[in-house]
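Colleague: Below, the features straight out of TrEMBL:
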- ASN73, MET102, TYR131, HIS167, SER189, ARG190, GLY191, ASP230, ALA231, CYS232, ARG233, GLU269, TYR296: substrate binding site (BINDING)
- HIS273, HIS337: Zn(2+) binding site (BINDING)
- CYS413, CYS416, CYS420: [4Fe-4S] cluster binding site (BINDING)
Amino acid sequence: MEENMSYTTQMDAARQGIITPQMETVAGKENMQPEELRALVAEGKVIIPCNKEHKSIDVNGIGSMLKTKINVNLGISRDCKDLDTEVKKVNEAVSMGAEAIMDLSSYGDTRAFRSKLTKECPAIIGTVPIYDAVVYYHKALKDITTEEWLDIVRMHAEDGVDFMTIHCGINKETAKKFKRNKRLMNIVSRGGSIIFAWMEMTGKENPFYEHFDDILEICREYDVTLSLGDACRPGCLKDATDASQIEELITLGELTKRAWEKDVQVMIEGPGHMPMDQIAANMKIQQTLCHGAPFYVLGPLVTDVAPGYDHITSAIGGAIAAMSGASFLCYVTPAEHLRLPDLSDVKEGIIAARIAAHAADIAKGVKGARDWDDAMGVARKKLDWEEQFKLSMDPDKARRYRAEAQPEKEDTCSMCGNFCAVKNMNRILDGEIVSIFDE
Ligand code: SF4
């Protein structure tokens, strides 16, 4: 490790041939050689979001050749403004293995919550400055000036945010295309709808697009990773892979190159709602148009008709997406489309996203991913219940379920009892008699 060399961002360091302490840590977590990781960071295929001001961070890398990471969206809203509850959700998310938390707060003193996160939380912290601007300036959307939008980006960088969603892909051109090609669900991205409305009311270009170079300067100074937002992500299956979505992606690909010219780390946000048969092709298109930058998917939700179960619709889509090249999954909770998630929704959403991520890691051959499953296979064969609980993604639930219906025979479970195939096979192969009927 080169201690004396100076660098601005992780990407800058990687391009100078410097292996940073953060690269060492991430390489260790991913069973990779630091040099191999450095080369991927230099190319932009792996990002290590870590703002220089976020001192409590436990760094992680994001890239399709690494373990798939998950993000948990939290934050207070006008209808649910209990800060303590949100802090509880943050702690739960971290203890359940979420690598990143996006603070989407849209009410009250957002800076206090954000600063608490970057002071204390080890997870990667992301924000969407557009939402915050509306709360912070306390004035009508159309009256927010271009300078004020940019000031919020700087404020979030100063506060130690590791990545920011910037909706810079919906410029005047994309907006024209969007209006020409009618959609069933219009724009469903919260930030996208805000900036589209601002552009319509003021007649001005998207400030995040027009002043992209100023944003890059801020990101470079603090090493903030840009998450190029997908204002035109499809909000229903019918709108998937349409002209607006692809037009925006082309712009995001161009902006990716501009960010890389300034050594700013980038990831690209993606769909959305999408039929299963379109997901793999979408991942390929993104990787091609955006030059291999990591893809951060918000779902994809593979059907529109399961409110209350969208942690499942998104886990199905997320698993296919991650297997096909996405590297970062945004969790979706059962409360999606219905209300702000409570603590139990958050837990279910995290487990669903972790299942999707892990299933994809096995399929794409991430080093060591399958070892966990193989260990569970061994524990199941031995009917070693304690070991099975320990290895479970949600040990508490596994233990509770078994306890709720204790079997007559301790070494089986109440599903098959005497008919336990595992037990009977172990016995017959050990040369024992298996009777079943009178045991
Ligand atoms: S009883 Fe049935 S479900 Fe339970 S461990 Fe044995 S084979 Fe598996």
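Every residue gets a Cβ built from N, Cα and C, even glycine.
Context for these features, please: burial, neighbours, distances.
Modeller: In the three-state DSSP assignment, the secondary structure recorded for TYR131 (substrate binding site) is helix. Around the Cβ of TYR131 (substrate binding site), a 10 Å sphere holds 22 further Cβ atoms from the protein chains shown.
DSSP assigns HIS337 (Zn(2+) binding site) to coil in the three-state reduction, outside any helix or strand. Here the Cβ of HIS337 (Zn(2+) binding site) has 14 other Cβ atoms within 10 Å, regardless of which shown protein chain they belong to.
For the recorded site, CYS416 ([4Fe-4S] cluster binding site), the DSSP three-state label reads coil. Sequence-distant neighbours of CYS416 ([4Fe-4S] cluster binding site) (same chain, six or more apart, CB under 8 Å from its CB) are absent.
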Colleague: Express in Å, rounded to the nearest integer, the largest CA to CA distance found among the substrate-binding residues ASN73, MET102, TYR131, HIS167, SER189, ARG190, GLY191, ASP230, ALA231, CYS232, ARG233, GLU269, TYR296 named in the record.
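Modeller: Pairwise Cα check on ASN73, MET102, TYR131, HIS167, SER189, ARG190, GLY191, ASP230, ALA231, CYS232, ARG233, GLU269, TYR296 gives a maximum of 20 Å.
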Colleague: Quick one: pull the CA-CA distance for CYS420 ([4Fe-4S] cluster binding site) versus SER189 (substrate binding site), whole Å only.
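Modeller: Cα-Cα distance, CYS420 ([4Fe-4S] cluster binding site) to SER189 (substrate binding site): 50 Å.
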Colleague: Just checking: which of the binding-site residues TYR131, ALA231, TYR296, CYS413, CYS416, CYS420 have a C-beta under 6 Å from ligand 1?
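Modeller: List returned for ligand 1: CYS413, CYS416, CYS420.
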Colleague: If you compare CA-to-CA distances from TYR296 (substrate binding site) to each of the binding-site residues HIS273, HIS337, CYS413, which comes out shortest?
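Modeller: Nearest by Cα distance to TYR296 (substrate binding site): HIS273.
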